[in-house]
Structures are given as C-alpha cells and as structure tokens.
C-alpha cells in the first residue's frame, strides 16, 4: 500500500515537517533564471525568440507572439457548448464573490479641520501568467483575470507558453475573452516574467505580475519582485483533510488524489480520528489509482508526499494543521463549524462532506490562487487587493498644524532631523 | 547653486528616470547577504555573535541579545517629559488611524445553502526591524508595532543593532513599551533578518518581518520573502512636491531638505508652474543648507538627487508625478483637492500649504512606511493588513453541490484532472 499511515505523534510531526519543506529550488536554478532575466532586459524580443526556440521548440518571430484575432474568434468554435457554459457559470460566480468587500476610498474630517484617509486606485497594467505544459487551465485564466477586472485594471495582458503546435488551447482563449482580455502573448517560462517586468519592443512592462508556474517562473517572480508587484510565490499544491468517522472513504480518497494528480510534488494529507477510516482511505486510494489516467505522476506524489495520520482528537488534528498551514484544508467532520475556531492558518477552508476542494478550484467563487508551503501563516488568496493600492491622504488645516506642530518638532529633534522640525516651524511662524 | 533647475520636458523626464532608478544593489551585496543568511540558518546564535562583533563592534553573548528589564525601565527616566508626551500623542493618533477599516471576517448565505466568506486572522508572530546607525527612530517603532498590535498579533518581537556603547536608544525602548513590545533583541543587519526568518536558540522565527533598513537589510528581506511575509522592499526615501505660485519658497525648501537629510541617496524633487518660485526655492535650499547640522550628507543628496522642474501646467506636473510614482507627494498648490483626481500613483499625498510631510512622518496618523522607487505604482503603505491574512470559506449544501457539480465535472475534464471530477461525481451519486 503506497499511502503511508502513521499513528505516532512524533513521527507525524517529522513527516509533516518534511512534506512542508518539499519545495526546494536550487541555487543553480536561481542563477539560470538570473541569466534569462538579464538577457530579456538587454536583448528584449530577440531573447524571447531564442528562449522560445530553446525551451518550447517553437520558431516564433516577435510579430507572432500576439495571439491573432482570428485565433481568438476560432477558439469559440473549438470548445463544446457545455464547456462554454461551465466557463460562463464559473465567471459569473467568481466575479460575484470578488465584488464583495472591495476596499473603498475613504476620508474622515476631524473637528480641527484635519482630513485623513486612504484613496484606492487600480494599477495601470497587469500581467497574468498562465501555464501550459501538462494541460490547459482555463480556471487559472478566470482566477487571475477576474480580480484584475473587478479592481478596474485598464490593461490586462496574458502570457502563456505556445503548445506543441505553437497554438494556445482554445479553452484558455475563450476564458480570457470572457474576462475581456484579448492581449495574449505566446511566451512562457522565466523569459515571459522578464518580458512583463522589463518590457520589450513587443510586450509591455506591467505593474503587477500574477499567476502560477513551474520553479523557473516562481524564481523569476521572486527576482523581479520590487520592480513589479507579484501575487505570491506559488509552490506545489497541497491539501490537508481533517476527517472523523462520518467521512466516506471513497470521497476522501478522491479528494486526496485530486491534489496528487496536479504534480509529482503535490502533497495530500489526511488527519483522522478514525483508524478504520484511515485504512479504508489508503485502500481506496490504491483502488482509484489503478485506472487513473495520470497514474504514474499521481502515484509518485502519493508515494512521496501522501500521508495519513491517525490522531487522538480533532483538537490535535487542528494543531497539526495549524503547524502545517495548508493551502487547502477540508473539514470532513460531522460538525465542521465547531472545529473552525480552532483553525488559525489555511489558505482556503472547505467545510463538511458536501464540499470537495474541486468545487473551490473551479467555481464556488473564492480564488483558487492560494498560499502554499506554509505561506498561509502570513498571506492570503490572490484577490482584488492584488491589483489595488492605496495612497494615504493627509490635509492639515492651520488649526490642526498649530495643535500638533510642537510635538512634531520634539520628535524630529529626538531623531536628529533638523529640516523636519524646520518645515513645521516655518509654518507656525505668525 | 547646487539644486538644479530644469525647464525642458525631455531633460526633466530623463532626470526623473535617472533619479527613480537610483536604488542599485549589487550582485556582490546579494552574495554577501546570501552567505550571512546561510550562516545564521546553520550556526544560529554563534553566527549572530560573530557578525555583531564584525559589523557592530560589540561583544555580545546570546544571553545579552535581549534588552534587560532594567534597561527597559531606565529608558523612561532617560527621555524628556516633552518627548514622552509627543510619543504618546503620536501613539494615540497612529492607533486611531489604523483602527479604521480593518478588514473583518464575513460570510454570506446563498438561498441554495452555499456559504461563502473570508475569515481574517492575525499572524502568530511578527518581527520588527528598527535601524540604528545615524540616529534613533522611535517613529519607526510606532509605525511598525502599532499596526501589528491593532491586527491582534500576540507576539511582537523587535530587533535593532546595538549602539556605540552596546545600548539601544531610550526613545526607541520607550516607544516600544508604549506599544506593549518588551521583547527586543540587540541584533542588526542582514543577520537579524536571518534570525527572524529561521529562528535561533535565542531569537524566535516569526511569520512576518517588517521595518526599514540599509541595502543589506533590504536584500535579506527579499531573500527570505516566501519563507516569511515582509512589508515591502524599502529603497531610499523620496519626496516630490508639486507647487504653484501660492507656495512659499522657504517652506518648500525646508520640505525638500527634510527629505534630503535622511540619506545621501534620498531624492527631493520640485515640479512647479512658477519659474520665480523655482529660483527662490533653489536659493532657499542653499541658504538653509549653510548652517544645517547634517550639511555634508544633505548636500550630497541635493546635488545628486535634487531637482527642480519648471512645468507648463499642473496637468503636466501630475503626469510626471504619476510616471515617477513618488513615496511622498506634496500638493503645495492653491486648490490641492482639485488636483488630486489627476494623481494615480503615490504612497502618501499631502494636500495644501499647511501639510508638511513631516506631519505625516510622525503623527498625522497614516503609516510612514511607504513604497519607494516607483513601487507606489503597485503597492501601499504598511498597514494592519500586513499582519492579517484571510482564509477563504466554502461550505456547500447537498442542493448547491447538485446544482454546480456538473459544471465542475466539465471543467475538470477540460483540464484533464480526473480525480477532480471524480471527487464531485462520488458525492452526486444517489
């Protein structure tokens, strides 16, 4: 049986620690990415042409980068009516969720005439990275473009590696167009991140770069961070399920495999109070793997980063979950809302037996771009906020300056900043 | 005359571009920081002891890192009553501002039984870096610790380099205690950031690291970003002032110098429609510099990164300001609220002739930790949000799963994710 079952607390902690640190980019990869970014910054489009030949085996000239209007049109003929309807349903639900609680500009007026506030504005330009590779990901398009649109970003640009025949998958092109995004460049990898950060003759530089990718894309995002904003540094995906005896083994097993099938580095963890369920899930996983279309990849993930822990109590499970701070947390227990207050760190929480993570991956509404590798300790899902920024607003009246000025002078002097004090003093002069 | 006055649009753009890119950390510095972080990760406290000897010329054992209770107590006797009162006034005003619009947990209940929402929680532990060096910065303490406290962070830890005699400035210790922070370690530089990211036997690892520092501190924050959250990558400070003929030359000059006196790399820029004011400000800057206590440093900044541009209109000034995206923007014009809508990118905006930036630096209320080097295009001031994170909440009912399940299956199949579809199908079975 491939899925290990662990019953000792110490062993469980050690294993969870190991799995939590499975993301290991190397210094050599970072060097390679540094070189790619430097080339893109110096040589622009020509570097993109060269890297696309090298990494994607496609011969594109800069004029070919942009997906043509006819390819955009044709894409609608190439997806099934069912898929189009599903994309539209997802678009509607994700939009509605992201429209909730968008930060709004505010000012407040103090009695002494001081006006303070925060003014929110959208970034001018956003760049969205959509991975190619193993599959087409229209859901990634929706989850990145919709928050940018809701934020009010005027120009949203997408980059995605060209497929085997040089084309972009029609489902991706349809999803983009449903979000009102038509500017799509067939460039992938670290070089695409470089293009969005520095700009080339063909591809505009942007203010914020979002979207998931492989380790090279992630390292590139880390290196350009500061010059542009980024959503987060995404590692391999992970689910942690807390289940009691009321959970069904086949459903839990499918949920674990739904994570494992993403990537050989994905992690799928079950913490359960029920040792019978633990064994049943392990058996179900083996069974469901037998005819799995991605069996090899999924087995690898389960073998390396799959784990079942039999815990003594749901409280212990919550504690272990908080230490792991999973990207996805399922509470497959009889009373999930009662367990929720014990959870401190998780990217997204799925409550109850009728809420498979897949629902949230596609169209429940919340964003599926979530903090991984323990980053849920300190960060949140991609959201409208990713594409907004606030400017503080301060407008003092003569009265308020007179009331506060002396304290500013005292503090400025304590910090040895002469002109800070002077800038106030000169205004307090009669 | 040291402060250059430029009247040609093209020259102004070139100069603003040069100033905007003045932040230049080197590959060698990044390597050095990588080595420091690796040493701290491997050798813990001993690495801190060694680097403190090397960089701060202090011989501290791990037991000496923590500022003692008696030093904390003594600090209150070492600051003047005026300074204590000013710190308390600043604390009150900054707290009140940061208590506005704190993101709140919400859930919404759909008619079909689906519950969606966002649950905000504070990070468990935060680490605040407070620079030493040229001066003591109690304002930095307040601006970092108060938002952490308002967010509800349970453990706030401070690190700051030991001064010339090994002590931390009493004003810093008082400001920290006013924020309820007593856990202060006398460690600075990149090694302090490493300690907060990895933890040592003496210093706890934290979830979020905030606070300004020199280029080594900033590079260290960039390198540990992802393992911990950070506030931002702070570059040298900058002010851009838009002034018309109603501005007073001596006040504008003092505001420019208040920026320049921070750091030889600070930038101080004036855009004005009034060429008489331009000349008068340049003269005032020269005059105020004559007896400036930090004359050498401030002259350097003014000479390299000081600039006056005579613009044709306030609209042109706004356009140039948006391209520069300054950390601090003063609108020293007759009708600042009328100009505000034309501003898209600025960290903080100070409106009118009675609002010197120094007011915002210390106690107007908004945070003084702001995006620099053009980062205002995509990021915001440090805030309560820096110490909060949201977990998405999804709880489906049987009815909602039945309504949405088929679309999830269609999307999962389009993305080639078999178990995603299966996890829903198994739950739709009768």
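Every residue, even glycine, has its Cβ placed from backbone N, Cα and C.
Automated prediction, rather than curation, is the source of TrEMBL annotations.
Neighbour density for residue A:191 (NAD(+) binding site): within 10 A of its CB lie 29 other CB atoms from the protein chains shown. What TrEMBL records for A:129, A:191, A:214 is NAD(+) binding site.
Within 10 Å of the Cβ of residue A:361 (substrate binding site) there are 26 other Cβ atoms, across all protein chains. Under the three-state DSSP scheme, residue A:361 (substrate binding site) falls in the helix class. As annotated by TrEMBL, substrate binding site applies to A:237, A:259, A:262, A:328, A:361, A:415, A:420.
Annotation source TrEMBL lists Zn(2+) binding site at A:259, A:262, A:361, A:420. Counting only same-chain residues at least 6 apart in sequence, those with a Cβ under 8 Å from the Cβ of residue A:420 (substrate binding site) are A:408, A:412. When secondary structure is read from DSSP and collapsed to three states, residue A:420 (substrate binding site) falls in the helix class.
Cβ neighbour count for residue A:327 (active site, proton acceptor): 29 (other Cβ atoms within 10 Å of its Cβ, all protein chains included). According to TrEMBL, the feature active site, proton acceptor maps to A:327 (among others).
Residues or ranges marked as active site, proton acceptor in TrEMBL: A:328 (among others). A strand conformation is recorded for residue A:328 (substrate binding site) in the three-state DSSP classification. The number of other Cβ atoms within 10 Å of the Cβ belonging to residue A:328 (substrate binding site), over all protein chains shown, comes to 26.
In sequence order, the recorded positions near chain B, meaning those of A:327, A:361, A:415, A:420 whose CB lies under 8 Å from a CB of that chain, are A:361, A:415, A:420. Distance noted between the C-alpha atoms of residue A:361 (substrate binding site) and residue A:129 (NAD(+) binding site) is 17 Å. Among the binding-site residues listed here, namely A:191, A:259, A:262, A:415, A:259 has its C-alpha nearest to that of residue A:327 (active site, proton acceptor).
Just so you know, the Cβ of residue A:129 (NAD(+) binding site) picks up 27 other Cβ atoms within 10 Å once every protein chain is counted. Neighbour density for residue A:237 (substrate binding site): within 10 A of its CB lie 26 other CB atoms from the protein chains shown. Ranking the binding-site residues A:214, A:259 by how many Cβ atoms sit within 10 Å of each one's Cβ puts A:259 at the top. Each residue contributes its Cα atom, and for residue A:415 (substrate binding site) and residue A:191 (NAD(+) binding site) these two points are 45 Å apart. In this entry, substrate is bound by A:237, A:259, A:262, A:328, A:361, A:415, A:420, whose most widely separated C-alpha atoms sit 56 angstrom apart. Residues A:131, A:159, A:161, A:188, A:189, A:190, A:192, A:193, A:213, A:216, A:217, A:220 surround the recorded NAD(+) site, their Cβ atoms falling within 8 Å of the Cβ centroid of A:129, A:191, A:214, which are themselves excluded. Take the Cα of residue A:237 (substrate binding site) and measure to each of the binding-site residues A:129, A:191, A:214: the nearest one is A:214.
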